[in-house]
Each structure stands twice: as C-alpha cells, then as structure tokens.
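Data block below; observations after.
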Amino acid sequence: MAECGASGSGSSGDSLDKSITLPPDEIFRNLENAKRFAIDIGGSLTKLAYYSTVQHKVAKVRSFDHSGKDTERDHEPPYEISVQEEITARLHFVKFENTYIEACLDFIKDHLVNTETKVIQATGGGAYKFKDLIEEKLRLKVDKEDVMTCLIKGCNFVLKNIPHEAFVYQKDSDPEFRFQTNHPHIFPYLLVNIGSGVSIVKVETEDRFEWVGGSSIGGGTFWGLGALLTKTKKFDELLHLASRGQHSNVDMLVRDVYGGAHQTLGLSGNLIASSFGKSATADQEFSKEDMAKSLLHMISNDIGQLACLHARLHSLDRVYFGGFFIRGHPVTMRTITYSINFFSKGEVQALFLRHEGYLGAIGAFLKGAEQDNPNQYSWGENYAGSSGLMSTSPELGPAQRARSGTFDLLEMDRLERPLVNLPLLLDPPSYVPDTVDLTDDALARKYWLTCFEEALDGVVKRAVASQPDSVDAAERAEKFRQKYWNKLQTLRQQPFAYGTLTVRSLLDTREHCLNEFNFPDPYSKVKQRENGVALRCFPGVVRSLDTLGWEERQLALVKGLLAGNVFDWGAKAVSDVLESDPYFGFEEAKRKLQERPWLVDSYSEWLQRLKGPPHKCALIFADNSGIDIILGVFPFVRELLLRGTEVILACNSGPALNDVTHGESLIVAERIAGMDPVVHSALREERLLLVQTGSSSPCLDLSRLDKGLAALVRERGADLVVIEGMGRAVHTNYHAALCCESLKLAVIKNAWLAERLGGRLFSVIFKYEVPAE
C-alpha cells in the first residue's frame with residue numbers, strides 16, 4: 001500500500017501531491033502495458049481496474065542433446081538451465097478517494113502507451129457524473145454498465161478465485177475475522193448491497209440472478225439522519241461517533257418496558273424494544289455518540305431482519321453483505337451480524353468479503369472482456385502487489401486510520417491452467433488445507449513470523465548467489481528483503497490482512513515477493529547439482545534394495561523415502577548441515593531419522609496392506625529435488641510398478657525453494673529410464689505418468705489442482721494418495737480426509753514444531769489412513 005502523505009496533519013492537497021509523485025510502479029503498476037480498463041465510481045471512492053501484461057524471468061530446464069557424442073557424462077550436469085523472459089496476464093485494481101480522480105486520470109494519461117482498447121467500462125453512481133472528464137482525459141469512450149450486474153459478476157469472480165475471500169465477523173473473538181474456505185459450489189446465495197438504499201439479489205448461477213427486494217432505509221439514511229442529529233457531515237466521522245456511543249441511553253430496552261417480567265417472554269432484557277424510545281420522554285440532552293450508535297443499530301437491525309426474511313423465503317443460508325455502508329467497518333459488521341443471528345436463530349450466516357470494495361470494478365472489467373472469456377481461466381491473488389484487508393476500525397479515529405488518503409491495491413495473476421478440486425476429497429466443502437490457523441494461535445503466530453524474519457538474511461544471500469552474473473542482483477535482493485519484511489510487520493499487526501494466516505501463506509508470500517524482483521528460482525543450480533549427484537547413486541541404491549527380502553525391502557523403501565525428505569533447503573536445521581558438511585548424503589540422512597516407533601507410526605498397518613492385492617493406481621505428490629525425488633521417491637515408485645500399480649507422479653508446475661518441478665521430473669525420469677528397465681517400460685506403456693500440480697508452492701492445496709491432473713485421477717481410478725514432506729503433509733493436509741487410502745509421511749525438520757507435536761528434531765510422521773466403510 002502506498003501512503004499518500006496521510007498522517008492526519010497535512011491538507012488533502014498535500015496528500016494529493018505526495019500520492020501522485022510516488023513512482024508509478026508503487027500504485028499504477030505495469031500501467032505502460034495496460035490493455036483494457038474499467039472504472040467504478042461511488043459516492044466517495046473510485047475503483048480502477050485494468051488488465052496488463054507482465055514480463056518477468058522464469059527458469060527453464062532442458063535436457064542436453066547427447067546424440068552423436070561419445071563423452072563421459074558422469075560429471076556433467078543432468079540438464080541445462082536457462083532463464084527466459086515470459087509474458088503473463090495480470091489484473092490490477094486500485095482504490096482511491098474521489099478527491100484524487102482528476103489527478104489520477106492525468107497520471108494514467110501520461111503513462112498510457114500500449115492500450116489496445118478505445119473503450120472504458122464504467123459503473124457506479126459517479127459514472128455519469130465523471131463521464132465527460134474520463135473521456136476528455138483518457139480519450140476513451142465510456143460504456144456505462146449496470147451496477148447490479150457488475151456487483152454480481154465481481155462477487156462470483158472473487159468467491160471462485162480467492163481463497164479465504166469471505167469471512168464472518170465475531171465480535172468477541174481474537175481476531176474478530178473468521179475466514180471461510182473456498183466452497184466448490186458457491187450458488188445459490190443472497191447478495192445484500194447497502195449503498196444509499198438497500199438492494200437484495202438472489203444469485204442462482206453465473207448468469208442468472210433476480211432482484212428480490214430492497215429498502216429505502218440504508219447507508220444514505222444513516223448519513224442523512226446522522227447529519228441532522230449530530231451536525232456531523234462526514235460518513236466516517238459518524239461511524240467514529242457511533243463506535244464511542246452507548247445506545248441504551250437513547251433506546252428503550254425490553255427491561256425498561258417489562259422490568260423483570262421479560263424472562264417469561266423468553267427475551268433478553270438488553271434487547272431494543274424501541275429505537276430512540278427514551279428520547280421522547282427523557283428530559284435531557286443526548287450525546288452525539290449515543291444518538292449515532294442508536295441510529296446505527298436501528299438501520300442495521302432493519303437491514304438484518306429484511307435480509308433474514310428474504311433468505312428464509314428463498315431457503316438460503318448464506319448472505320453476503322457489501323456496499324459503501326460496510327467497507328470492512330467493525331462497528332457496522334458487528335451490528336449486522338448480531339441482527340442476522342438473532343432473527344434467524346443462527347440458521348443464516350452473515351458473510352462479508354475481503355475485497356467487497358472492488359466488486360463493481362471487477363464486474364465492469366469482466367463485462368468489457370467477455371470476448372476474451374476471462375472466466376475460463378483460474379486467477380490467483382498476488383500477495384506481493386496487494387495491500388490486503390487493512391484496519392478500518394473507526395475506534396482508531398479518522399486521523400489515524402489507514403483508509404484516509406491511501407491507495408489500496410489488489411493484483412490477480414492469470415494462471416496457466418484452470419484449477420479444480422482433487423476428485424478424491426471425501427467432502428470438498430469441509431476441506432481445509434492448513435493444519436494450523438495462525439490467526440487463532442497467537443503463540444504459533446509469533447514463532448513463525450519471527451522464524452521467517454530470521455530466515456530473511458539466508459534467503460537474500462541465496463537469491464544473490466543464484467545470479468552471479470547479474471550486476472543488480474544485490475540491489476534487487478535488498479528490495480525483496482524490504483518488501484517481505486514490510487509484509488511480515490503488517491501481519492504482526494493485522495494477521496487477517498490476506499485472509500487466514502498460515503505457514504503456507506507466509507511461504508507463498510515470500511515466493512511472490514521473490515518473483516516480483518526477478519528471482520524466479522534461487523535454488524535452480526543447487527537442484528541441478530543435487531540431481532546430478534543423486535542420479536549417479538541411483539543404480540547402486542536399486543541394486544542394494546533388490547538384494548533384500550520382501551519384508552526387509554518394504555521398510556528400506558520407506559526409510560529411503562523419509563531420508564530423502566530430510567534434504568529440504570527450506571528448513572534451517574537442514575540447510576545449516578548442508579552448507580557446513582558437503583559430504584552429508586543419503587546414508588547420513590538415514591542415521592538422522594528417529595528410530596521406530598516413530599512419532600506417528602502406522603507402518604505395521606501399511607505393511608499388512610501391502611500383503612494384500614495391489615492398488616490400481618497411486619497418486620504421489622513429490623517434495624524435494626535431488627536425493628528426495630531420485631533416491632527416495634523413484635525406488636518407491638518402482639516397487640509399486642513391480643506390484644502392478646500404475647503411478648501418477650505429481651510435481652509443482654513452477655519453482656518453490658528446492659522442490660522438484662514438473663520440468664525437472666521429466667528429465668530425471670528420462671535419465672532413470674536409461675538406467676532402469678522397470679521405469680523405462682512403465683514410461684513407454686504409460687503406466688507411469690508425470691503431471692504438474694498447477695501449484696508453485698512448497699505446500700499443497702487439494703482444492704486448487706490442475707484440471708488435467710484431476711481428469712487423470714478419475715480416468716485411472718486412483719485408489720491410493722501418497723503425500724510427502726512437511727509442507728504438503730504436515731503444514732497442510734495432515735487432517736485432510738480422502739475417500740481412498742492415503743499415506744502422509746514427513747520428517748519434522750523444525751525443533752519448535754517437533755516439540756509441539758510431542759517429538760524431537762528429525763521425528764518421523766508415517767500416517768497411513770483408510771477411509772471408513
């Protein structure tokens with residue numbers, strides 16, 4: 001987020017000057033490559049949306065061409081790495097106060113060079129008011145779009161594409177935001193938009209919705225009556241007054257009417273019997289704060305009851321609230337949530353959206369881009385370029401609040417392939433990828449934020465070392481450090497800024513920030529070297545395994561999987577060893593492992609299962625490059641193939657830490673096939689299939705996987721899922737329930753986490769699960 005000089009002391013003119021002189025890459029990023037625009041102008045805020053292309057570096061691997069050569073390949077790297085420029089699509093959303101609209105349009109005009117469009121889609125009440133100004137400044141024709149259609153299109157888009165977009169507000173919780181996991185079936189729902197008035201819309205599908213009701217008593221009523229009662233003209237100042245008021249001084253409560261007899265009615269004595277009821281009889285002056293609070297309760301309760309009645313009428317249990325009246329204000333969300341809970345007896349859920357302020361702009365953009373069919377793609381929030389859900393609490397006072405004089409930002413990257421649920425999830429709506437919610441667990445939150453802060457020096461050092469020929473690598477690495485450090489400080493103050501805070505979101509944010517400053521794969525050369533070493537060891541490891549008896553071999557294969565998983569550059573306990581001892585290898589890793597019984601030990605049950613019929617098809621999610629994939633995973637895969645089980649080996653689509661990528665796995669498999677007839681024939685006969693997950697994360701979200709992978713899982717009838725590594729099997733998916741057998745295994749390489757789980761460093765998780773009949 002770029003501050004616009006808003007300390008509360010300067011004039012709006014000073015703020016404006018400072019905001020517009022900020023570098024364009026801080027606010028209107030990639031503006032020079034903007035292709036299409038949309039704008040949503042409300043009563044006080046403007047939301048600009050634009051689609052641009054982003055050029056960034058990606059690391060690609062390619063097998064060496066050995067044709068016609070008779071050379072000694074033992075000490076040659078297994079593949080070559082090249083860094084290429086890639087162009088991807090990104091959606092940018094910028095939110096700012098209407099005060100700045102003319103200066104912002106001038107700024108856009110000055111930096112606009114590559115736009116392909118002659119039209120800008122516009123929605124919101126201000127679209128008509130500012131039409132001439134926009135056309136004059138940008139020389140683009142304004143096409144006005146229907147407000148409600150845009151809101152609904154925007155709402156559908158964020159619910160589908162942004163995990164943890166929706167949240168419930170719980171007044172007495174810490175923090176007060178409870179984020180919902182992505183529901184695979186978002187329809188039907190009720191959208192209640194509270195602007196000047198209230199509109200209530202039933203949304204049934206992507207394109208089918210109907211206006212079912214509304215009210216003239218909305219945000220405009222609160223503003224208008226509030227101004228008359230308190231002489232306060234500014235909406236946010238009214239909310240600030242309300243946050244400090246005590247409504248019971250003005251409202252008549254049930255206990256004021258019935259005394260102690262209210263209990264026979266089954267009502268709480270604190271319920272409002274009559275809004276402003278005391279003002280007619282009490283001979284006293286009421287404070288502005290109390291009147292504002294009473295007014296807020298009156299209007300929120302009215303809206304809540306109306307929404308609840310419509311939800312029940314249409315048999316809906318999810319109601320999303322948005323509009324100028326909400327805007328993430330705790331005092332407003334609190335009263336609406338209370339009202340919905342009371343009138344529905346807890347059967348209807350009041351939900352709010354992290355990005356509700358952008359819905360109109362997103363919808364207007366989607367309307368203008370229909371010929372490009374943006375809904376055929378999946379999109380992901382780019383944490384590096386988004387300012388997150390900032391505190392808007394009126395309790396802070398208007399002068400201190402981050403909203404005043406700021407530009408809020410949201411960026412969405414278009415993903416290469418559509419993402420869908422893993423078909424083997426037992427109950428997709430209840431699936432939660434993350435094991436620990438750090439917004440809930442203050443002790444864990446403090447530990448992990450400190451852990452990521454302390455690791456920053458090492459990440460910066462690794463990033464610089466990965467680009468020895470770059471003259472500006474150190475400068476870019478410092479920019480990365482500052483950006484990620486700032487994100488961590490934001491999350492210390494506001495753990496809910498980007499939805500549910502988890503170890504996964506901290507890792508993903510770091511990867512986004514590294515990509516932002518053109519460090520696409522800091523571990524590429526480390527992986528190349530370790531893959532080369534491990535490939536040379538592969539024949540010996542397989543020969544050794546083949547000499548063992550069946551039962552002894554099964555344990556050796558599992559220990560090999562676990563030992564391979566030790567080689568994780570993302571774990572400080574391991575990276576310290578690998579950097580200080582270049583001879584630390586596969587056998588040394590085996591000796592590090594906890595002796596049986598392991599911390600979680602289902603090995604006996606797994607061995608018993610192996611004595612039964614072979615699985616039809618195993619889906620394996622691999623973790624690290626090098627020893628892990630080559631000496632741990634591939635021998636395990638080979639054994640499954642020998643049993644008659646088909647194998648789908650799923651690896652990351654893009655790089656993260658030293659995790660193996662799909663591109664690397666193809667080359668590794670090709671090299672192993674050249675040494676091993678079992679793997680060779682399985683690849684040729686398509687009994688071994690290598691696929692990409694659609695992810696570039698060290699963790700695993702089974703609700704956002706490559707559509708092609710999901711189709712293959714269905715087609716091959718996968719009946720075993722193997723998830724390997726701390727990020728995929730412990731930080732995520734430890735509690736994931738599947739409708740087939742599963743194996744989750746990892747070595748705990750973090751002493752704090754191991755102790756929390758009741759173990760020690762290098763404790764072993766081996767969790768074999770069979771679904772209930």
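Along the chain as shown, the residues are counted starting at 1.
Keep in mind that glycine also has a Cβ here, set from the backbone N, Cα and C atoms.
Note that the structure is predicted; figures quoted are calculated from it, not measured.
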Identity of the Mn(2+)-site residue among Asp601, Asp659 (reference: Asp623, Asn624, source: Swiss-Prot): Asp659
Annotated stretch (motif 'Subfamily II EGMGR motif', per Swiss-Prot) among the listed ranges 334-338, 504-508, 529-533, 724-728: 724-728
Cβ-Cβ neighbours of Asp659 (Mn(2+) binding site) (radius 10 Å): 29
CB-centroid shell, 8 A cutoff, Mn(2+) site Asp623, Asn624, Asp659, site residues removed: Asn565, Asp568, Ala622, Ser625, Asp628, Ile629, Leu657, Asn658, Val660, Pro698, Glu724, Gly725, Gly727
Recorded positions compared (Ser199, Tyr320, Asn624) - highest count of Cβ atoms within 10 Å: Asn624
Rounded inter-Cα distance in Å - Tyr320 (3'-nitrotyrosine), Ser199 (acetyl-CoA binding site): 12
Secondary structure composition of the motif 'Subfamily II EGMGR motif' (724-728) [DSSP: H/G/I, E/B, coil]: 3 helix, 1 strand, 1 coil
Nearest-integer angstrom distance between the alpha carbons (Cα) of Asn624 (Mn(2+) binding site) and Ser199 (acetyl-CoA binding site): 51
Cα-to-Cα gap, Asp623 (Mn(2+) binding site) vs Ser199 (acetyl-CoA binding site), nearest whole Å: 49
